[in-house]
Every structure is written in structure tokens, then in C-alpha cells.
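Participant: Provided herewith is a single structure, encoded as C-alpha cells, for subsequent inquiry.
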Amino acid sequence: MNLSHSTRGQFLLLTTKSKDKFLTQKHTYGIGDKTNFKNLLCSKWMLITVLIFCFPLYKHTCFGFCIETMNQMQKTAHSVFGIFGNITALFLFLAPMITFWRIIKSKSTEQFSGIPYVMTLLNCLLSFWYGLPFVSKNNLLVSTINGTGAGIEIIYVLIFIVYAPKKEKTKILGLFAFVLTFFAAVALISLLALHGNTRKLFCGFATAVFSIIMYGSPLSIMRTVIRTKSVEFMPFFLSLFCFLCGTSWFIFGLLGMDPFVYVNNGFGSFLGALQLILYFIYRKNKGKGKDENNSTCVVSVELGLPDEPNEDKELSNTNGAQNGHV
């Protein structure tokens, strides 16, 4: 390259100024020599590298901990509502004990109906089967209470058959045989012919249908309350526990993300709430509708007991069908 004398001078001057500026910047940033400067550059790159690799790990660990905590809380709440549902359902299963103690003492079923107890038995058996681990996961608490309820309902049905008149005994025996046959058919089909999610769907639909039918049984007593404007035959605590039982299993199903649990129990919770609303509307009229019902069919749900056992009333006990559905 051919440069004139003046051009070389300008180039050397620019080079000198650039060097002085660079040395000034080194002094400004505390860089003593080339070695320290290189070390500082290496330290900065190392810091950037550490941040690049460690931040995703920190982020993953933080969110992972939060997700794990939320999952644990969900599992705990799932168990708590399942246990509470077991307690409220057990209360409802045991509620008709006074009725059957009366039947045993009088050695007669009087005007009581045994159909609700047989149908509740079918609901318990289907729910018990659905809650087993090889049918649906995380529903063992559904099986525990419904297995207990099935045992209690069998005792009720056998007592009723022993003390029922011949015609009623034949009818209940036939219905009892149908219930056992139907349950056996559902169990065998789901066990031998179906697998995986198909088994769960089959058993879940069967359980949900009968559970909704059972939950719909209080509609008759609600109609009576509205007609008579009296809550004489709809006791508060029975309505309350029906609501609590339905609500507990509804939340249990939501937490477990199981529509075959939360849909039917949500329906039951809604009906229980309606019963409580009716109670608070007509609570001051308790007993006032008694005279209006002397010649009508009265449906009593108060532990299966007629209001006046010596009067000629046609009584149909729907309390057995109101027992803890799941």
C-alpha cells in the first residue's frame, strides 16, 4: 500500500488516540492489565452461562414444588370430603332403625312399604362395585360406605320379608331377587366382557341412573309440603343430612374429576337444598296441615314412622330411598 507522508502521520495519530482511549476505558472499569481484563471477560461469560443453565432449573423446581403442593392439597381435600360423605351417608342408612325396631316389636310391617329399601340396596350394590379399584380409580371411599349401606339394607329387607303379609312378602321377595340378578349381571358383564375405560363407563352409567332415581324419591314429600303448606312430614335434620351427604359426594367427585360421582350427587345436593328452602318457608306451619291430610295419602320420611299409628292412613315410607347415595 502506498501512503503519503501526511497520510501516515494521520494514521499513527488515530492509532495513538484509540490506544489512549482504550487504556482510559480500562482504567475506568478497573482493568489493570490484559490478564485481569481477560479474567473479567471470562467471569462475565461464566456468569451468563450459569444464569442461562440454572434459571430454567430454578424455574422448573419452583413451579414443580407449587404443583406438587397443590396436588397434595387436592388429595387431602378429596379424602376429607370422602370421609365426611361416609359419615353423613351412614347417618342416613341408620335412620330407619327406629322403623324396623317398631316392626319387630309389633311383628307387623303395618302400612310401611319395603320397595324403597330394596331399590336403595340396588343403588348401594352398584355404587360399591363402581368404587372398586379395578373399575374406577381413587373411589375406594365410595365402596366402603356403599358396601356398609348394602349390608344394612339387606338386613332391613330380610326383616321386612319376615314380618310382611303374604302378598307383600311375595312382591318384595320377587323384587329382591330381581335386584340381586341385575347386580350380578352388571358385575359379570363388566368383569368378563369389558376392560379399562369401557368398564368404567358401563358401571358408571348404571350407577348414575339408579342414584338419580333414588335421589328423586323426596319429590313426593316436597309436593305434599307445598300442597299442605306444612313441614310436619319433612323433618329438618333428615333434609339437612340429605343435603350434606349430596354436597360432600358432589365435591368429592369434582376433586376426583369423576362425572359419575359429581353429576348424580350434584342433583341430590340440589334437591336437598330445595327441601331446606321449603322447610324455612313453611316452618311456622308445622302440624297445621294435619287435619287436611286425614283423608289423603301421607308420605312420611321421618325415620319411617307414621304420625299417628292408630289412624287409618295409607303410608308409604320414602326414607329408605333417601339414604346416602353416592
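Using N, Cα and C of the backbone, Cβ positions are placed for all residues, glycine too.
Positions annotated as transmembrane segment by TrEMBL: 41-58, 78-103, 115-132, 144-165, 172-195, 201-221, 233-255, 261-282.
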Participant: Given the cut-off of 8 Å on Cβ pairs that are 6 or more apart in sequence, determine whether the transmembrane segment (144-165) and the transmembrane segment (261-282) share at least 3 such pairs.
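Facilitator: Between the transmembrane segment (144-165) and the transmembrane segment (261-282), contact is absent.
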Participant: Taking the transmembrane segment (201-221) as reference, which of 78-103, 115-132, 172-195 has the most Cβ pairs under 8 angstroms?
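Facilitator: Ranked by Cβ pairs under 8 Å, first place goes to 115-132.
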